[in-house]
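What TrEMBL records for this protein:
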TRANSMEM  A:33-53  transmembrane segment
TRANSMEM  A:103-122  transmembrane segment
TRANSMEM  A:134-153  transmembrane segment
TRANSMEM  A:174-192  transmembrane segment
TRANSMEM  A:204-223  transmembrane segment
TRANSMEM  A:260-280  transmembrane segment
TRANSMEM  A:286-304  transmembrane segment
TRANSMEM  A:324-345  transmembrane segment
Amino acid sequence: MNALNQLPLNIAAAIRSLFGDPHSIWADLTMDIISIILVIVLIVLAALILILLERKVAGWTSQRPGPNRLGPHGWFQTIADALKLMGKEDVTPAGADRLMFKIAPMIMFALPMMTLAVIPYGHGMAPIRLNLGIVYYLAISAVSTLALLMAGWSSNNKYSLLGGMRAVAQMISYEIPLVFSLLGVVMITQTFNLSQIVADQHTIPFIVLQPLAFVVYLIAGVAEVNRAPFDLVEADQEVVAGPFTEYTGLRWGLFFLGEYGNMTAVAALTTTMFLGGWQGPAILPGYVWFFLKVGIIIFFQMWVRWTFPRIRIDHLMGLAWKVLLPLSILNIFLTGVGIYIYQLIVPRIGG
Amino acid sequence: MSTVVFFIFAILAVASAWGVVTSKNIVHSAFFLALTFVGVAALYVLLNADFIAAVQILVYTGAVSIMVVFAVMLTLRGDVRESSEENRKWGWGLFTAGLLFVVIALVILTNTDWRILAGPWTVQNTAASLSKLLLTSYMIPFEASAILLTIALIGAVILAKGVKEDK
């Protein structure tokens, strides 16, 4: 079991030893490139699996079979869809702002790539170790608003622009409770380093100490990736497909990849911050535990999506500013009081 | 190596800043501004100031979208493609820019104590050290900026909503 647990690290060490000096700049560069390729593969694989899973979950919730024609139980459906998408014509609308129209999907895809690169997937298996992991993650994910606004504005379509505006309003509002709910964990661990936060959870996952923050983060996280019941950005019945209305073929596919990548990233951060990351009983390797927990969070997001109706836009804003934000501030207050009491009691009972 | 990276991002920052002032379309200017901020953030990383870099992206680049929505689109009149009008007052512009440049250059050149950390900041507890500094040595600037932001927020609300005459 230990050998299986250490397998990725041993492979990395073996690749490094191919170089004369295993810590030369070229060895580091090669390892970085390999990590980035692995992250891209992770996003593409996640999208392929999650799209199928989403349709299966949708079928399960609404009591119909879901995709069931291609391959056993319809498992190859997404591959066929992806191939079809690649063959489609790439249309740029006549009045579009051409350069921005083309850059927006690339940014949308690059962002989850950048955020997933700092997540610790196992003990010592963060592709890039950053001392400021959370701050970096939040900074990068804040830029996705910009990509959606670019797409919405450059399409030269009123529905797209409305969707882009909604994206700005919604994502900026939900970013605040999202960040504030993570502050409780930072207060306990006193670090921004994601690997250190996972290591601090070896006795007790923070969902036990921070249940309120966990709930707030989960809700705000669903809103941050624009999924139902918070999918006002791309609400089909109201604004066609929001910022994606004018996109076709691979560019639209990039948005889709970016969206599922973002969903994976939010689930991965939830796992890291609240569920103890790769920590788990030694019956399975750490990275398997990590992906199991991510899978549970993603399944929960899908379950919510197909269970609840879309929320109205004024209720959406009200929920962020009048419910989630006070709750997350209350959580910060409670955490502070809790830490103070803990520091008072522990020296007395000799803990 | 780091020199090459510096020049890549310095050129990116300066070139997109040039784009900000020369774009005919004010929305383009705003997105160029976001690119400038990214370039500057990369320069902060080269100076081993990772936290400032992350905050630069979080606060400035992220806020460009708000600026586009509120400052540009709510006040827009006529055609977007010709929205950023040229200003003919070259003399005043040159004078102000020159004065600003001289002042900044004087401050930079007379202050010899520019320490760049030799390596990456290796203190384990970044969060704890940062919070201690913010709530002890830099308490007053921290609170002052908070008040300033609140004033800006209230001002924006009043500008957008207007004040009733009878009160």
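A Cβ is built for glycine as well, from the same backbone N, Cα and C atoms used for every other residue.
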Listed stretch, out of A:204-223, A:286-304, A:324-345, that has the most CB pairs under 8 angstroms to the transmembrane segment (A:33-53): A:286-304
Surrounding residues of the transmembrane segment (A:103-122) on its own chain - C-beta under 8 Å, 6+ positions past either end: 5, 8, 35-36, 39-40, 42-43, 128-130, 133, 136-137, 140-141, 143-144, 146-148, 150-151, 154, 194-195, 198, 243, 247, 251-252, 254-255, 257-259, 261-262, 264-265, 268-269, 272, 277-278, 285-287, 290-291
Candidates A:134-153, A:204-223, A:286-304, A:324-345; stretch with most C-beta pairs under 8 Å toward the transmembrane segment (A:260-280): A:286-304
